[in-house]
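Worksheet for the structure shown next.
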Amino acid sequence: MAAKVASTSSEEAEGSLVTEGEMGEKALPVVYKRYICSFADCGAAYNKNWKLQAHLCKHTGEKPFPCKEEGCEKGFTSLHHLTRHSLTHTGEKNFTCDSDGCDLRFTTKANMKKHFNRFHNIKICVYVCHFENCGKAFKKHNQLKVHQFSHTQQLPYECPHEGCDKRFSLPSRLKRHEKVHAGYPCKKDDSCSFVGKTWTLYLKHVAECHQDLAVCDVCNRKFRHKDYLRDHQKTHEKERTVYLCPRDGCDRSYTTAFNLRSHIQSFHEEQRPFVCEHAGCGKCFAMKKSLERHSVVHDPEKRKLKEKCPRPKRSLASRLTGYIPPKSKEKNASVSGTEKTDSLVKNKPSGTETNGSLVLDKLTIQ
C-alpha cells in the first residue's frame with residue numbers, strides 16, 4: 001500500500017484524545033485514537049488499525065478485497081464490507097427479528113436492528129397518533145404528520161405564502177415548491193436583476209447571459225460555445241478536411257460533418273423536424289443546432305452578441321468548399337463563379353466512403 005501508518009508517539013496519542021468536555025454531556029468513553037492517517041491535510045485518526053487501513057484506501061483508490069463471485073467485479077476496502085456484500089449472492093438471511101410474532105429475516109445484524117427499532121421498539125417512538133382506534137407511534141414528527149393523512153385525507157404541509165393554498169405530503173416537497181414564490185435570483189452579476197421561476201430557467205439564463213465567450217485568436221470573433229469556435233477556426237487552416245456527399249450523383253462537399261449531415265437530411269431525405277415556433281416564422285431545419293442559431297433572429301438581446309462585419313457575396317465555389325477567400329483577393333477576383341467551381345471540382349480528390357455516410361479528404365486551400 002502506498003501510504004504507511006504514521007508512528008504514534010505518546011504526544012500524538014495525547015493530541016487525538018477524545019475528552020468528555022469535547023463531547024458534551026452525552027460523552028462517549030475516553031478513547032485513544034492511536035492510528036493516524038499519514039496523508040497531508042487529512043488528520044483522520046482511528047482506534048483500530050483495520051479502520052485506518054480502510055480509510056487509506058480512500059486516498060490510494062485501492063480495493064484490496066475483491067468479490068470472488070463469478071461475473072461480479074466489485075471490490076471493497078475492508079473484509080467486513082466484502083462479507084456483507086457476499087450475502088447478496090448467497091441469499092442467506094441468518095438474522096431473525098426478536099419481536100414476538102415477527103418472523104422476518106435479514107442478511108445482516110445491523111438491518112435486523114434497524115427493523116426492530118423502527119417497528120417494534122415503542123420506547124423510542126415518541127410521536128403517537130391519537131386518532132380513535134389507531135395508536136401508531138413514530139420516531140419523527142414528520143412521520144406522524146404523513147401518517148395522519150390516512151385519517152384526514154388532507155396533506156399535512158401547507159404553503160405559508162399568502163394566496164397559495166397548495167399542500168404537500170413531505171417537507172422536502174414544500175421546500176421545493178416555495179422556490180416558485182421566492183424564485184432563483186441571479187448571483188453571477190450584481191447588476192443582474194433576473195429571478196428564475198424554476199432552476200431550469202435559472203440555468204438557461206446563466207448559460208445565455210453570463211457564459212464566458214470563446215474568442216478566436218486569429219480574427220477576434222466571439223462565440224457562445226467552444227465547439228462553435230472550433231468549427232470556425234477551421235476556416236483559418238490552410239489544409240482542411242473536406243466531407244464529400246456519398247449519395248449517387250451528388251458532388252457537394254462540406255468542411256464540417258455537421259453541414260454534411262444537415263445537407264443529407266434536408267436535401268436528400270427531406271427531413272426537417274425542427275420548426276421555429278416564433279409567431280409568423282415557421283421555418284424548418286434538419287438539425288437542432290441550426291434552429292438554435294436561427295432563433296437569434298427573433299431575440300434582440302442575442303442579436304447584440306452576433307454583431308459582425310458585412311461579408312461580401314460568396315461565389316458558388318466558396319459555398320461548395322466552405323472556403324472564404326481573403327478580402328483583397330475577393331476584390332481583385334476576375335474569374336467567374338462557374339470557372340472557380342470547375343477548377344475546384346477537377347482538383348477535388350476522390351474520397352473513400354466511411355460506413356456509407358461520410359467521406360473525408362484533405363484539400364489544400366491556396
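In case you wondered, yes, glycine gets a Cβ from its N, Cα and C as well.
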Residue from Ser38, Ser262 to which Swiss-Prot assigns phosphoserine: Ser38
Ser9, Ser328, Ser336 - the residue Swiss-Prot records as phosphoserine: Ser336
Neighbour count (Cβ, 10 Å) for Ser38 (phosphoserine): 13
DSSP residue counts for the zinc finger (184-210), split into helix, strand and coil: 11 helix, 4 strand, 12 coil
Tertiary contacts of the zinc finger (95-120) (same chain, 6+ residues out, Cβ under 8 Å): 84, 87-88, 139
Result, the zinc finger (35-59) in contact with the zinc finger (65-89) (3+ CB pairs under 8 Å): yes
Positions on the same chain near the zinc finger (157-181), where near means CB under 8 A and six or more residues out: 142, 145-146, 149, 197-199
